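This report concerns only the one structure given below.
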Amino acid sequence: MTGFTNAGFENDEPVKPKAGFEPDTASLREKVVLNPGEKWRILKNISIISIAFMVQFTAFQGTANLQSSINAKDGLGTVSLSAIYAALVVSCIFLPTLIIRKLTVKWTLVCSMLCYAPYIAFQLFPRFYTLVPAGILVGMGAAPMWASKATYLTQVGQVYAKITEQAVDAIIVRFFGFFFLAWQSAELWGNLISSLVLSSGAHGGGSSSNTTVSEEDLQFCGANFCTTGSGGHGNLERPPEDEIFEISMIYLSCIVAAVCIIAFFLDPLKRYGEKRKGSNSAAELSGLQLLSATFRQMKKPNLQLLIPITVFIGMEQAFIGADFTQAYVACALGVNKIGFVMICFGVVNALCSILFGSVMKYIGRTPIIVLGAVVHFTLITVELFWRPNPDNPIIFYAMSGLWGVGDAVWQTQINGLYGLLFRRNKEAAFSNYRLWESAGFVIAYAYATTLCTQMKLYILLAVLTLGCIGYVIVEILYRKKQRKLKKQEKLEAAEKEKEAAAAAAAAALAAAEAGADGVEETDDELDDLEEDIVVTRL
């Protein structure tokens, strides 16, 4: 262009950057431009993912709640559930981050949901060599599915908060609350299906057996129940095969419907900044480096302190789904009443999930978690001494419903707390959540066939106590850090005002606001996504 050639560089070739290289600065990354009306589309997507999970778990929860009773021989049902959560632990460590990076959040959800179908189908041919491998497949697909769900809710929650100018933590908890409202309502539909089918068929006559159940049999129900000594109990017989077939076909249809809902109606997360959580350096990491993200997250003190309560969440769900249904409901009332009692759990759980998600912004997180702890401490203590009797069925429904209150607290508040504390590493953080929750399931199912119910209740009490202690420490550290950050913001703002004392009032105010941006970012502060979302206010 200038007519001048430098011979000294004649044979030199510029070094080209690697394909896909992008400067690691927020200012050069592509911005996500959204208008305020996008909030309605976000709410639509939240509804879609919630409905899909509701339909999916209508099938799985309904099936899982029956396992310890309809497949009680040799503990097959409980072993298959244990296989699910053991595989889920392994899957949480190795799969979610890799699969989400490869398939994106939406298609990870689709593929993972399909993994549930074989387990439902093999209920027609229950053997150790069919149900256990099918359970392992469910576990391998579950971790990426739950991590994808949590990532989607958290990321669109951040975008929604920026569009509506609301607090991020309140929005995230509200979205999780709505999700768990739909998800826990699956207990209602799944158990309603199983109860109606079992009550309308030949096994519906089983209700007669529970009216004439002997006092001798009742002595071994409740806290005295031991799986190894339950043989010959009339209320624990497997329902007829035609009823199992009908239930399984209905549940299989639910799995297919859930997959189609996600595939055809959910917007990809890239619309809201997927893969913009930082630079593209994450995409350049090797597979081993991506796998190590989950392990690195475990080194964080906050996560370590939350491990006991996360393990308890898995254990308490395993107890209500396997031990309570078998030792209390099936033992005293009959298998055909399991669904009806668990409907109460599902309805209360769903209503409390949305309630707690909404009131959290008014009363804070701590009072809600205190409520959950008190409810579960009380229920576990009562169940140690309560002797179930079919003449008082209302007590079964009350215990089930109150357990739903406690579970709703943990599901909404602890999920939301993970999303708040570890925003910059959402996939790895929620993989850890699912890992330790799954560990709780595995622990509970591992001793399900060897320990009596009384000992299981004592173990629940011990783990809940440790979990509450860990949560209290996390809450204290978080509030202390927030106070420190606010103090730092005030000091920096004051310094800016002092430097700009000679400037106009508007300039001084702008300088003060700029000073607040100098706070060091940590896990429970701003996500890089905040810089990439531009809201056009037209």
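Cβ atoms here come from the backbone N, Cα and C positions, even for glycine.
As written in Swiss-Prot, here are the features:
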- Asn45: N-linked glycosylation site (CARBOHYD)
- Asn210: N-linked glycosylation site (CARBOHYD)
- 46-66: transmembrane segment (TRANSMEM)
- 80-100: transmembrane segment (TRANSMEM)
- 105-125: transmembrane segment (TRANSMEM)
- 128-148: transmembrane segment (TRANSMEM)
- 170-190: transmembrane segment (TRANSMEM)
- 244-264: transmembrane segment (TRANSMEM)
- 305-325: transmembrane segment (TRANSMEM)
- 338-358: transmembrane segment (TRANSMEM)
- 366-386: transmembrane segment (TRANSMEM)
- 394-414: transmembrane segment (TRANSMEM)
- 435-455: transmembrane segment (TRANSMEM)
- 457-477: transmembrane segment (TRANSMEM)
Candidate ranges 46-66, 80-100, 170-190, 338-358, 394-414 - greatest C-beta contact count to the transmembrane segment (244-264) (under 8 angstroms): 46-66
The transmembrane segment (394-414) versus listed stretches 46-66, 105-125, 170-190, 305-325, 435-455: most Cβ pairs under 8 Å: 305-325
Long-range environment of the transmembrane segment (170-190) - Cβ separation under 8 angstroms, sequence gap at least 6: 46, 49-51, 53-63, 65, 149, 153-154, 156-158, 160-161, 164, 251, 339, 342-343, 345-347, 349-351, 353-358, 360-361, 365, 404, 407-408, 411-413, 415-416, 419-420
The transmembrane segment (80-100) vs the transmembrane segment (435-455): 3 or more CB pairs under 8 Å: yes
DSSP three-state assignment for Asn45 (N-linked glycosylation site): helix
Maximum Cβ pairs under 8 Å to the transmembrane segment (305-325) - stretch from the list 46-66, 105-125, 338-358, 435-455: 435-455
Close approaches to the transmembrane segment (46-66) from elsewhere in its chain (Cβ under 8 angstroms; 6 or more beyond its ends): 77, 81, 109, 113, 116, 119-120, 123, 138, 149, 152-153, 156, 175, 178-179, 181-183, 185-187, 189-191, 193-194, 247-248, 250-252, 254-255, 257-259, 261-262, 265-266, 321, 325, 335, 338-339, 342, 346
